[in-house]
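A.B. asks: Attaching a single structure in structure tokens format; questions to follow.
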Amino acid sequence: TMTSMLGNIPIYCVLAEFVGVALFQFLGAGSDANSVTSGLATAALGNGLCYAVLVYATAGISGGHLNPAVSTAFFVTGRLGRQRFLAYLAAQVLGAVIGAATLRICLPPAFLDTPFTTSGALTKDFPVQVFCLEFICTFALVYVIFATAVDKTGAAKNAAPLVIGLTVAVGIFAEGPSTGGSMNPARSIGAAFAFLNFENLVVYVAATLSGGAAGGLFFDWGYLPDVPP
């Protein structure tokens, strides 16, 4: 049964990650599709505000990760158990695939020229540059998450989700045209399945997971040495 598969992990936590990522993929990627005609700010602010809203909505239930790179950072720093980590990853990826497929069905054909966040100008021919951009932007995102949501002495307090959302927006402003601005392996995987376009997907997944882990470990070792997980 589902309960025995999840062990002692409340199903509502896993469901919150699934629904949160599905909505983030649908609403955020919808902003990406609209940005083709209205400019980069639509994608950056649309995704950033969407992430902030959904982190606010899910933080009290599941922790509001909504991103395998974030869950990986919590796992490698000892803040997330292995079973919950794997359950979150499965829920996040499945949610992203469902969200992307639903958006593809809902959008008119003219909007389907942009495969959401799977690609940018560098995707096809510059995998090293894509890796570096995604690694650094995901590092920055997770660093900010640890500084605002994990470090209880930080200044953000209840505004942490808003700051985290703004970091997503800043990342898209920085790398969006070049890479699509993922910072989230589930978002890349979901869009890849929706469009059956897996070009350099492994670069996105490797960069975001390693960048997230590095951001979490860096903050954990540098600023939280005396704070238990």
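Every residue gets a Cβ built from N, Cα and C, even glycine.
Heads up, here are the entries from TrEMBL:
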TRANSMEM  9-28  transmembrane segment
TRANSMEM  40-64  transmembrane segment
TRANSMEM  85-106  transmembrane segment
TRANSMEM  126-146  transmembrane segment
TRANSMEM  201-224  transmembrane segment
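How buried are the listed features, and what sits near them?
C.D. replies: Proximity of distant same-chain residues to the transmembrane segment (126-146), defined by a Cβ-Cβ separation under 8 Å and at least 6 residues beyond the stretch ends, is recorded for 67, 69-70, 73, 120, 160, 163-164, 167-168, 170-171, 174-175, 178-179, 181-184, 200, 203-204, 206-208, 210-216, 218-220, 223-224.
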A.B. asks: In terms of Cβ proximity under 8 Å, which residues at least six beyond the ends of the transmembrane segment (85-106) contact it?
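C.D. replies: Tertiary neighbours of the transmembrane segment (85-106) are 6, 9, 13-15, 17-26, 29-30, 33, 62, 65-68, 71-72, 74-75, 112, 116, 185-187, 189-191, 193-195.
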